[in-house]
Each structure stands twice: as structure tokens, then as C-alpha cells.
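Single-structure report; data block below.
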């Protein structure tokens with residue numbers, strides 16, 4: 001290996017390139033990619049619900065093992081949406097905050113992408129929840145239906161501040177998954193790099209605002225003890241804000257401060273060789 005090669009610098013190059021590409025997506029492409037990201041994420045979440053909900057005796061006798069197995073299946077959706085190159089709101093918070101700090105994208109680019117990806121991620125989740133879960137009767141047994149209700153209530157019937165902090169922890173790990181996966185050259189390594197952080201955040205009980213647009217509605221379909229208003233106030237708002245803080249500060253700002261700010265300063269100094277890549 002070239003002794004002057006810096007893998008962190010190369011990863012930043014790839015992240016910057018990814019952020020610029022995201023900022024230039026035509027609106028129809030951004031809408032469709034965002035819809036697919038929400039749908040793929042929901043399929044992984046449905047897989048996890050079926051695994052966990054279908055083993056009530058294991059949850060009772062060995063809850064740690066049940067959590068381990070259920071959280072292990074959840075990252076399948078993240079792997080698919082990443083490999084297919086879709087647009088996930090929580091990942092874009094990290095990537096676009098980083099590239100905006102590095103003066104390669106604008107705040108308007110960031111806001112446009114995040115608003116559209118958030119709305120259409122939600123649409124993809126609700127599509128899977130309604131058509132491919134509820135109407136298709138994927139949760140066909142009373143055990144699975146009751147588990148869907150219990151897990152939805154566990155995401156909403158907690159303190160506002162708790163959900164906020166769970167969102168922070170979640171997107172910190174999601175951003176790390178993006179950072180690790182984009183540094184990998186082959187697909188197997190990318191899958192492993194995505195799987196471990198996502199598996200970790202699910203096992204720790206952290207909350208992902210987009211995944212909740214699938215996991216909470218499927219519980220509501222089968223009779224939770226709360227309505228839409230409480231879901232929005234107690235879950236959607238705090239988890240979304242927490243995800244933004246986790247991705248923007250703990251990932252985007254910290255990585256920019258540690259590795260990327262020299263790149264920004266060089267661009268401000270008018271270095272003509274620094275328009276596309278980090279300085280050597």
C-alpha cells in the first residue's frame with residue numbers, strides 16, 4: 001500500500017462526491033429514490049417484527065437472545081436501500097451537513113433534499129405498512145398482531161426527552177454505518193459495515209424516525225392505546241429532532257471538525273487544485 005495513502009481522506013472524498021450527487025438529483029429521481037428507501041427499510045423492519053413476534057416463549061424465557069435475533073434481522077432493509085442507492089432522510093442528514101460545512105453544497109440543497117426525502121420516506125413506509133403488511137395479512141396470527149401493538153406502544157408511551165435521546169443515539173450509529181460502508185471497496189465489506197452499527201442501534205432500543213413510520217402504524221392498525229396526535233407529539237417530533245442532532249452534530253460536524261475543516265480552509269484560500277478532492 002502507498003505509505004502516503006490516507007483512508008480517512010479517501011472516505012471524505014467519497015462522502016463529498018455523494019453529497020454533491022444528492023444535491024443535484026432531479027426532483028422526480030429524489031422522490032422515487034426516497035419512496036423506495038422507506039419501502040425497503042420497512043421490509044427489513046417487518047422481517048424483524050415477524051422474527052421477534054413469532055417467538056413469544058423465547059421473549060419470555062430469554063429476552064436478551066430474542067432481542068439479539070430480532071435486531072439482527074432489521075438491517076436487511078438498510079443494506080438493500082444502501083446498495084440500491086436510494087435516498088434515506090437520516091443518512092442524508094449526515095452526508096449533506098458534512099458537505100455543506102465543507103462548502104460543496106448549500107443550505108438550500110440540504111433543506112430541499114431533507115424535506116423531500118423525509119416526506120417520501122414516510123410515504124414508502126406507509127405503503128408497506130398498509131398494502132404489504134396490513135392488507136396482505138403478513139401478521140396473520142394473534143401473537144404477531146399483539147406484538148405489533150406492544151412494540152408500537154413501547155415507542156410512543158415514553159417521555160418526550162427519552163425519545164429525543166434515543167433518536168440521537170440511533171442516527172449517530174446510522175451515520176457511522178454510512179461512513180464505514182462508503183469506505184469499503186467490495187459489496188461484502190459494505191454489507192458488514194452497514195450491518196454492525198444498525199444491529200447495534202436496534203438492540204440498544206434507539207429509535208429511527210423513518211422506521212417508526214412503519215413500526216408504529218402497523219401497531220395502530222391492530223389497536224394501540226393512543227391516536228395519531230400522540231404519535232406525532234410523543235414520537236415523530238422528538239425522534240426526528242434527535243435523529244437530526246445525532247446525524248448533524250455527532251457525525252457531520254464532528255467528522256468535519258476532525259478531518260474536513262482543513263479542506264474547507266484550503267478552498268477559501270483559493271486553491272485551484274482543491275475543487276474536486278481533498279488536498280494531498
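Here the Cβ of each residue, glycine as well, is placed from N, Cα and C on the backbone.
According to TrEMBL, the transmembrane segment annotation covers 30-58 (among others). Proximity of distant same-chain residues to the transmembrane segment (30-58), defined by a Cβ-Cβ separation under 8 Å and at least 6 residues beyond the stretch ends, is recorded for 65-67, 69-71, 73-81, 84-89, 113, 116-125, 127-129, 132-133, 138-139, 141, 143-144, 146-148, 151, 202, 210-211, 213-215, 218.
Note on the transmembrane segment (78-102): residues 15-16, 18-20, 22-23, 25, 30, 33-34, 36-38, 40-41, 43-44, 109-110, 113-114, 117-118, 120-121, 170-171, 174-175, 177-179, 181, 187, 190-191, 194-195, 198, 208-210, 243-244, 247-248, 251-253, 255-256, 260-261, 263-264, 267 of its chain, located 6 or more positions outside it, place their CB under 8 angstroms from a CB of the stretch. The transmembrane segment annotation in TrEMBL covers 78-102 (among others).
Taking Cβ pairs closer than 8 Å, the transmembrane segment (114-135) reaches residues 27, 30-32, 34-43, 46, 87-89, 92-93, 96, 210-211, 213-214, 217-218, 221, 240 in its own chain, all 6 or more past its ends. Under the heading transmembrane segment, TrEMBL lists 114-135 (among others).
Look at TrEMBL and you will find 164-182 (among others) tagged as transmembrane segment.
Residues or ranges marked as transmembrane segment by TrEMBL: 194-216 (among others).
The transmembrane segment annotation in TrEMBL covers 236-259 (among others).
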